[in-house]
Amino acid sequence: MRIRLDLAYDGTDFHGWAKQGTSDLRTVQKVLEDNLSMVLRETVELTVAGRTDAGVHAAGQVAHFDIPAHALEQRSIDGDPSKLVRRLGRLLPDDIRVHGVRFAEPGFDARFSAMRRHYVYRITTHPAGALPTRRHDTAQWPKPVELERMQLAADALLGLHDFVAFCKAKPHATTVRELQKFAWKDVSTDIEPQVYEAHVVADAFCWSMVRSLVGSCMAVGEGRRGSGFTAELLDASERSPMVPVAPAKGLSLVGVDYPSADKLQERALETRAVREFPDASASLKLDDE
């Protein structure tokens, strides 16, 4: 049977989501799998919606795992996966919280059924830096910026494009993505001035893409790059060394959207299939991040 997890974590002290072979590096996946395997007395292997990098946080992460029915028959669970929330709450470290566990709907795949991922990037340009209470999720940029310039740079990136200039290379993976939303907002307050948030939504993101999108807009916002910088990067055929990558600490995965229950399997099959970019001469395998 398939179980769905809804979870959150502070990525500060993790080496990203993915476990790294036999390494003892602390990753979110390793900590969760170790604890789930101990509770359920079965080997658990997680599939996740967004494989976040080192230092990146999540408030709305989704994962799934498959397990035999008898693993839930122990007295403390009694066949009800939601009871794992309390068990895990007692075992997991303070920087991971599983806030929902339930039977997955037929055809559900945390990664391939996803329609879109929502990220928020939070950054301050104030010389004092972030508030101590927001130091883990707010990055610092060394120069002041103009919000209007950043938004124009972001608008130029919306739609279906090859974002190779903004992505770190990964074998057999396409860099074609549909960027559905890229909106900047001034969220400053009297006690926290010069703070900005970028809300970024796409069907999927390739490795380091969100932080590269943010860094490029910040470069335009501070005047280091011209207003057409981001649009020009869409014509690139490889990753551009001119693209600054914003710090990991400002980025949080805040949500994952899925289709209705009757469309879950169809969506998973579509995502797994070869996706062809209209202007490309070859088809590439989609590899969601």
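Heads up, the Cβ atoms here are built off N, Cα and C, so glycines get one too.
Copied over from Swiss-Prot:
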type	residues	note
ACT_SITE	Asp53	active site, nucleophile
BINDING	Tyr119	substrate binding site
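The 10 Å shell around the Cβ of Asp53 (active site, nucleophile) contains 20 further Cβ atoms across the protein chains shown. For the residue listed as 'substrate binding site', the number of other Cβ atoms no farther than 10 Å from its own Cβ, over all displayed protein chains, is 28. Cα separation, Asp53 (active site, nucleophile) to the residue listed as 'substrate binding site', rounded: 13 Å.
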